[in-house]
């Protein structure tokens, strides 16, 4: 079993180690929650001060042209495109993941209604991130479609019947960290005559994604997780070029217009992905997002997403091995798939009791993960969730996290009442 | 006619003069474009540095609770509520004006479809801000409604026929600065059996608004104009309490759920205005917006919106008088209504030729207004648009603006070729 010294040696030999310098990691903190909110990029404070003080403060309205605000959604979109296998001009950053999902589902359902009006079902997983299900539910209600939810990924193939319009999946599950095979599932959807809509919230910047090779028709993703874009960072949206000009999306705000500054009363959608913009985008949040995306692009000369993926799997392999050897007998069970091809960049541990309090006790010891509630009715235990961002985490961090977990379990300190009081958001 | 010394004396006696200290106005600039992008609040750079460096950088995920990020949309919403006659808990800030308009129109059309299914028309003005018309057009297409646009405000009364579902208006016109009588028009809509939807983009923070007394049913508004919230600041949304719990809006993201952190697969809308949230809001942009809203609330001890309105009218009265006396014979005509009750906080001048170049020449002289294209087919000339934010503008600013306009016209320097080259955004 790996020792602390082994871990330190692996860090010393890690070719990606220098990327950690792109972040402002609080001293002494082992931050395993980058799958919820990525760490502050070192460049962000000065860049934000410039955007606020110079661009807004001095440039004022002129900064739409002179500081490049107008181009931000496409400029940052193109950068994200490099991480997910999209060509320049195929991605824009704007609005939230939920809003962008509404746009792509709306357009996709319009396409299906025209091309294959008998198809009235959206297939997804009951364990998909809830906002995806809520948005789909709302659109099903509006448009007369039905949501067909499966309980296990293995059931997806059977659910893809001839009545299916869309397969809508999140590539990496937010609770379990299980990774779908995008190419295989997109192909199954297409074979059944359906379109494939992918949410990359937990995969963009975390695992290699190739939307074209993966057969995706539409995709959205989140800016504030592995893209390190800051709290509530704008999200991104991609549409396959063969679909993008076929339909409007109904959030037809002026930024999606072919000529927004002509101020004409009739709507004409812009060509290409710009028609998936809507209103004026939040420039300051987009500026922070650009700093975050740049931290991921900084890995390009070092092997890019493939190198990050290799390190991510090494980190999660190590975490799993250390937990299974050092915490044996403490009631933790591995939820995340052991197989590399089915694992994202996080590890989830289930426990029948005390998961919330153990997470709190770990936070008090400087190891930040998070908690996700189980579902007793479906036999799902509560979960301790640990995200591993290879950009700023090392092997010693993994060792320290497990060391603190051992302490929390062996001392029983998680039973303290203050670790059992829930807060509004966790 | 007022002299420069008269203007300086009015500034010296202006009880609101000290409010200018809440802003970082670039030295020597006369900024008459706060109706497009408000000036940087003096508090914003330090507050943003804290949000970035401390809250995001050090607090990380814990800042959702500890830095109050979770409460931002309602906290800032309540502050805006004080400026538009809404009670605490009736307003949230999130998304863009376009997205929020989509939400309220969707909910309003659902209400009408249930209460009065024969009503299939949305009435608005052809001169309404285009994004409002585009969003309405998209929803009409989706839901089988028709958009009925009038060419002049006087034609609204006739357009309110028994087939009308909604009257959708922007209270202050973005081109002309004409101010609608909200109470009268809402009453006319209600008398005809329709609902009244108001866009406050150019009125929140600019003129006194009382949504309850004004008979509004739904309202949205912009954060980056007179609320000084920064480029692309999130917008706000208000729904009358008698309607708010009746219907979902279809952008049913997890933040609009009754229990977002229970992560349940089925959608249950939150009670009250929280159901008009959608995805995770852009925290950094919301933080800047709060600084901006605080600059308007700083006027409360000095008489609040009523005092700001009095000064705004004094500024626009002075501008009109000076332009009409000093620029006579130069082809400018007043577009903005002269009558106080029909004027917002801006003044627009039409000119048959050269409006764009004159605006550019003024900018080169440090007087920032903006240009809006006319519509030859409808006999509308191009417009020079000047916004007057009483929080940071004084009477001497007005004098200087007109002085530079006189110079630009008398020298003919606006005919220089570089003043006639259009940029992407103006």
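Each Cβ is built from the backbone N, Cα and C atoms, and glycine gets one as well.
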Pyridoxal 5'-phosphate site partner of B:97, B:98, B:129, B:130, B:131, B:132, B:170, B:199, B:202, B:224, B:254 (as recorded in TrEMBL), chosen from B:280, B:287, B:295: B:280
DSSP-derived structure type at residue B:170 (pyridoxal 5'-phosphate binding site), helix or strand or else coil: strand
Of all listed recorded positions, namely B:97, B:131, B:225, those lying near chain A with CB under 8 A: B:97, B:131
Integer Å distance between the CA atoms belonging to residue B:225 (N6-(pyridoxal phosphate)lysine) and residue B:129 (pyridoxal 5'-phosphate binding site): 14
Binding residues B:97, B:98, B:129, B:130, B:131, B:132, B:170, B:199, B:202, B:224, B:254, B:280 (pyridoxal 5'-phosphate) - maximum C-alpha distance in whole Å: 30
Protein Cβ atoms within 10 Å of residue B:129 (pyridoxal 5'-phosphate binding site), excluding its own: 22
Neighbouring C-beta atoms (10 Å sphere around the C-beta of residue B:202 (pyridoxal 5'-phosphate binding site)): 27
For residue B:131 (pyridoxal 5'-phosphate binding site): DSSP state (helix, strand, coil): helix
